[in-house]
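Following: one structure in structure tokens, then a few remarks.
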Amino acid sequence: MNYLVMISFALLLMTGVESVRDAYIAKPENCVYHCATNEGCNKLCTDNGAESGYCQWGGKYGNACWCIKLPDDVPIRVPGKCHR
């Protein structure tokens with residue numbers, strides 16, 4: 001029985017679990033991508049693996065791109081300063 005549990009756990013680790021999140025996509029220096037149109041944000045987001053994206057007007061960081069179902073390996077805006 002223990003072998004079955006260990007093998008199941010090993011298979012889970014080997015296959016990996018990929019998750020997604022909705023967030024402001026960020027540049028490497030923790031700065032958002034400012035925007036004016038939904039089309040530009042949708043292209044930026046989908047090019048980075050998200051399902052879609054749009055320009056969030058008047059949000060927390062001004063007019064910035066918000067991505068829906070963005071992969072975990074793509075940087076997002078986190079609390080703290082933008083380091084330009």
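Glycine is treated like the rest: Cβ placed from N, Cα and C.
Fair warning: this is a prediction, and the values are worked out from it, not measured in the lab.
The record in Swiss-Prot lists a disulphide bond between CYS67 and one of CYS31, CYS35, CYS41, CYS45, namely CYS45. Between CYS41 and the candidates CYS65, CYS82, Swiss-Prot records a disulfide bond only with CYS65. Disulfide annotation in Swiss-Prot: CYS82 is bonded to CYS31, selected among CYS31, CYS35. When pLDDT is averaged over the domain 'LCN-type CS-alpha/beta' (21-83), the result is 97. If you take the CA of CYS55 (disulfide bond) and look 10 A around it, the disulfide-bonded residues you hit from CYS31, CYS65, CYS67, CYS82 are CYS65, CYS67. Long-range Cβ neighbours of CYS45 (disulfide bond) (same chain, at least 6 residues apart, Cβ-Cβ under 8 Å): ILE25, GLU51, SER52, GLY53, CYS65, CYS67, ILE68, LEU70.
DSSP classifies CYS35 (disulfide bond) as coil under the three-state reduction.
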